[in-house]
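What follows is a single structure, written as structure tokens, with notes after it.
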């Protein structure tokens, strides 16, 4: 009876192999179910065919087909073919199975997710190649079906899933570093990055690998997953192979050094002087051999199991000792260099991990692996205690920007389910917060001084004092009202409609996002952009969001003439600071302060009498301006804002050009709306400036065969001519996001706003 069952299974296996290898292609999925009585390969996978007996397959298939349009999953028939290597295509084993995949999953991730669902590892899934076969057609690679990076499984297989076979070719390659660089793809790069990010953060990885930090984040988060060039994948594959080989070599050197130290101890034990020898007289080679032979041959209680039990010549022993010392020296130098590169992550401050050296090993392991769910509250408490800005804390704690820290605090994801990149950042913040309070304060002070020195050395010297119309009394008064303003917040009408009011106010007053964000909430344009993008429901439990919206509500509650006067005042201050002559950049700080005092006195003397609606003295003008942080807390942000004031909205700085060129190198010249949104918030530039830059680069590539060389100088997109702009991407981006405020559909309004800003700059 068992023999008959085996014969039946062998017959089914041969029929399945014939169907799979038939060039005409397999029949429809429903017909295949009716012929075999069970999904192909079920018997070989341990599933019995008896479970399907008595079930009308036509009826179940019909129900499955009718219910799939309402569900979120699609069945895909997969045939996995194992090969010994990529050159010899001798099929080793076949594995056929149905896999349920999500409809909203990206189509270019179908192979990887199918293999993961079948129980294969990430490394195996990364090395696989897939072909898709529809009906009796010839199988083709998935990349031939569509090149749209955002195409989903439902878009491609919704109507043909019952006649589709996904053929996956899996090559036997034990490790990613053994994979040839020519076979590296987007999937292998992403899995390799995920593996590397378990031991280091993105910034330290970007310093070593050929990918930039923004590109690493995009690949890991699948943002630009399909836009990585094949040449970049191969370059990363070559680097990864060299990196893993070097790392394995370091591990071997470490183990060899430990072994050599133990071996040296045992050799010294065997080289005890024989009677007649003195300590001053070194033993002769014959005596060394004579003295060491009995001790090595006789089993020692503490002899290392890896040591050989046969006699070793003195020359070989000396060579091994010299080699072990050399390896130890090289390893010590490498560790020293690695420690120096690690310190660069923390802006030349000692790494936070060093504080746990005196702790037991169990505590070190727990602090390195577990992140408390209270980390977000700890960060907020630290910001309040030290009176520092998010920009300063983000730089010294985990070497990131203020925007990323604000996004992390806004979402508050559970560390247990967080992504690997977020977990690295949370662990870095937690390690930093476990430093002594005095040491943290010293690091904050060093960072403030460093940012001040860098600002005075790099660009136009920022005005450290506030404009004369904003005395310190206004700040203290408004801060007091903010701290004691809980009843005021409760009486305010703060709901989801405040986002529409912000947009209407910017349209009415014709002010930019940067200007409104500064006067209403003392924030940057990127912060306001993210605020209006997500439009979270205001709630007092989300304290940070509630306080920021309360400041905006207080500002919007002011009379319209007062708001317009504040806009005008801030705009004049921006133009006044931006029109300073370039020769003042290298003037000593004492002369700059004297000039500032003279300018303030002149402005106070020449200032006309205030208009009738504002006869009150200046201390009562507190509600007009939003509360600010203390001057010490926001020194780094004020420096950044002052540097941004000096640059018109159409100018791209050298640093921003470097980021844009890195983006072009990694992604290309055709950014989507999300990429434009990200670059605009990251570089604090309007969208029309970003778009015109890419249009000009595409024009030069099309008509001149190469990208425009800016030679390390600032770029002003207002100087571009209309014929130098290739506008083949704007319409598609506008149609895709026609209903959002921050879509490229507003490019015309932004360009008009940008031209008015430029004209105002020229007039001033």
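Even glycines carry a Cβ here, placed using N, Cα and C.
Feature annotation from Swiss-Prot assigns compositional bias 'Polar residues' to 266-296. As annotated by Swiss-Prot, compositional bias 'Pro residues' applies to 607-629. Residues annotated as domain 'CMP' in Swiss-Prot: 71-172. Positions annotated as domain 'CUTL' by Swiss-Prot: 175-248. Here Swiss-Prot flags 136 as N6-acetyllysine, drawing on similarity to another entry. Marked as phosphoserine by Swiss-Prot: 185, 638. The annotation region 'Disordered' is assigned in Swiss-Prot to 1-56, 266-307, 450-474, 591-650. Residues or ranges marked as region 'Nuclear matrix targeting sequence (NMTS)' in Swiss-Prot: 224-278. Summarising the annotation, Swiss-Prot assigns motif 'Nuclear localization signal' to 20-40. What Swiss-Prot records for 139-143 is motif 'Protein interaction', and it gives similarity to another entry as the kind of evidence.
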Let's see if you can do this one: DSSP helix, strand and coil counts over the motif 'Protein interaction' (139-143), in that order.
2 helix, 2 strand, 1 coil
Three-state secondary structure, which DSSP defines for residue 185 (phosphoserine):
coil
Quick one: mean pLDDT on the motif 'Nuclear localization signal' (20-40)?
39
What is the separation, in Å, between the Cα atoms of the residue listed as 'N6-acetyllysine' and residue 185 (phosphoserine)?
28
For residue 185 (phosphoserine), which residues in the same chain are close in space, meaning a Cβ under 8 Å from its Cβ, but six or more apart along the sequence?
126, 230, 233
Structural state census, the domain 'CUTL' (175-248) (DSSP three-state):
54 helix, 0 strand, 20 coil
Using a 10 Å radius around its CB, how many other CB atoms surround residue 136 (N6-acetyllysine)?
13
Counting each residue once, how many in the domain 'CMP' (71-172) are helix, strand and coil under DSSP?
28 helix, 41 strand, 33 coil
